[in-house]
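Enquirer: Dropping the structure in here first, questions after.
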Amino acid sequence: MAGRWGTGATPDSGFGVFGARGVEGWRALGREMDRQVTGIKSPVGTRRGLAARLRYLTRSAAGREAMRRAGITVRQRTIDAWVAGTQRPRRANLERIDAAYWDLRRRNLGVEWARRLAVRGTRIEIHPVDQTDVRTGRDRDLVVRRVTVRGHRIWDDIIAAWIAGDHEMLDIVWDEIITDLGSDYDSYSYVSSVGFGL
Amino acid sequence: MTEDQDALFSSVDALLRQADPLPAPEERLRLREAGGLARTAVAAALGVSAQTVAAWESGARDPQGERRAGYARLLAGLAERYPPPPPPSSTPAPDPEHTPATPAAPTAGVPEQQQHSPAGPAPDDRRDPARTMAYEPDRDRSGRLVTGPPEPCVLCGQPAGHRAAGRPQHCNATCAPGLPLHPAPAAPRSPAPSPSDARPARPAAAREETAGAIARNVAAALEDNGGDVDAALTALVKRAIPDAMALLNSTRVGSTYDFTNYLSTDDVPILKKPGRNDPDLIWEGRPKWRNTGAERGPARTVTALDANGAYLSALKTHLPIGTLRHAATGEYDRKRSGLYLITPPAWEHDDLPSPLGNREEPGPLWVTDPTLRLLIRLSGPRYGLCDPPVIHESWTSGSSEGLLERFRREMATARDAAIEAGDTVTLEYVKAMYAKFVSTIGESSANREMRRPDWMHIIRSQAFANLWLKAWKAYGAGLTVVRVTGTDELHLIGDWRGVFTEGRRLTDMKLKDEYRIGGR
């Protein structure tokens, strides 16, 4: 992470010492992507929500793989009974089914987003940290910045890191994005939020 | 004519122009507004401040000297395009004989060699200000208009022989049907650019990018579908959201304020939806009101009216430009807009709907800026209908009423032209654009280019406030308001034609239905 907000090693250094409020850029980036995940709206506890999730998960090898990753270790016969509606999963398995569904959904959306963004790119609107509580003299002159990010190289990294929950990787990519902003790029290592279309 | 004489004459002409009579102040204002020119744009072109232009328009001051000549020319050009409305108003139409465009002598700003140029179709060297303000048609070296085989005009889609900036376009954007495809014999010669022409270039150039995007899209869709109107319309409606966003982005070029496209609902808790399908906390004041007294009364005929393009008109509203900031005070700042937690005043009028719609829960509620503005207005001395609302908290940002104005005007112009021409494709396309724009700029997965739920609420509330004011207008004219519902429905008893014009334009009302009530 770029670090001109201070290292935080001593009490008078680090982000927020003078009252600025914000989050790390990579966190805002991840949040914005989380926000755009769409999928089945019915909760997994409902008959409809469960049936839809099972349909999604049992349609492909990737779905079975996702269930395995989520820790569902039941036999195929049990899964078939769930799908047929003759048997209801236990509470623990319901949670795993939900986790497996969202895991697979994010992966599939990620593939689609990477395909689109590599060519078309997207314009990321970066809202600077909230400095309302920073006293005059200690505040920075920060404005909303916009930067267009496109290309396979960067988006493949962003999406892979987002799916895997790899914070270090997302942080590296965020640094890469903000270096395009020019000399005061470091001020945007922390932001209040970012916005973009996927 | 010697050089000396020539110079003498042109300086006398310049003096003459400075002595030209100007239209009355109200007319000056009307002309500028009809032309859709901002006061600041006029001020920049003439090298004065916007306050000065305002003083000219109020009649407090009159321009002098060079500026008077420039201003007179602007007004004459606008008067030519936007003649005064037919009912004889107090201000006489500027007489073309006395407008400064008429003098046959060359203009002072034109260099000598231009004035003596043997080329050019006629000695008529007058410069039409209207032509210098907008799309200058392409000309060849001798000053003749460039013509070519008729191709669809980029503005209206009708065949056009002339070219502007290399593209087929009707001369001076006058997309009137049946325009001759050859240059008119009295075509004015291209004037040499003078500094006063060059200055307003910024808004004009910015506008050129956007003008006609709607017509272009429609023409392209019709061509792609081989003239099949239904198929073209389906295709257009499908891409209405990205097209609207593209149009919005193109109208932002060169604008004063740069608004943010995204608002983080994590930062503004009241805009956060408690659940996936649950609404947030904002009360938009949607009316759903019926006049029970009138329904119980004697048998009478009710006319159901519809406001035309209610959401399109509502795009003109005070919108917050940037990030909303919280304030725990009860101050109201007219220059800001956003969301307010208020305790609404009591509403004790049985024959008029509450401006808050049919709110049933008592106590404080979150409203948007248009609703609050309406309440404050109604509590003022002019209306005196209720007590002022009490503001407790707010989430606001500096605001502007002009953020979507060019976007709105672009669609309104296309809509008016489509109604005039009976062009249902453009009409439906424009409708899909603004309706979908309003419904998807919140948190919709159908439009990822923008996330401003605050704007969505504000625009809707503005539509409801506009409808309330229409009901008030009818009420003030002695009509009985029977029902006010949704965005655009107004049911009245009485001679509504004395209050509203029937028609399909944005300022008109559409007659929907007539039915009988009461008498039971």
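Cβ atoms here come from the backbone N, Cα and C positions, even for glycine.
Note that the structure is predicted; figures quoted are calculated from it, not measured.
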Enquirer: Which range is it, out of B:182-210, B:356-384, that shows up in TrEMBL as region 'Disordered'?
Expert: B:182-210
Enquirer: Going by DSSP assignments with H, G and I as helix and E and B as strand, what are the residue counts for the compositional bias 'Basic and acidic residues' (B:59-69)?
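Expert: Going by DSSP assignments, the compositional bias 'Basic and acidic residues' (B:59-69) contains 5 helix, 0 strand, 6 coil.
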Enquirer: Could you give the number of helix, strand and coil residues in the compositional bias 'Low complexity' (B:71-81) as assigned by DSSP?
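Expert: Helix, strand and coil residues of the compositional bias 'Low complexity' (B:71-81) number 11 helix, 0 strand, 0 coil.
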Enquirer: Could you tell me the mean pLDDT the prediction assigns to the domain 'HTH cro/C1-type' (B:30-66)?
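Expert: Here the mean pLDDT over the domain 'HTH cro/C1-type' (B:30-66) amounts to 81.
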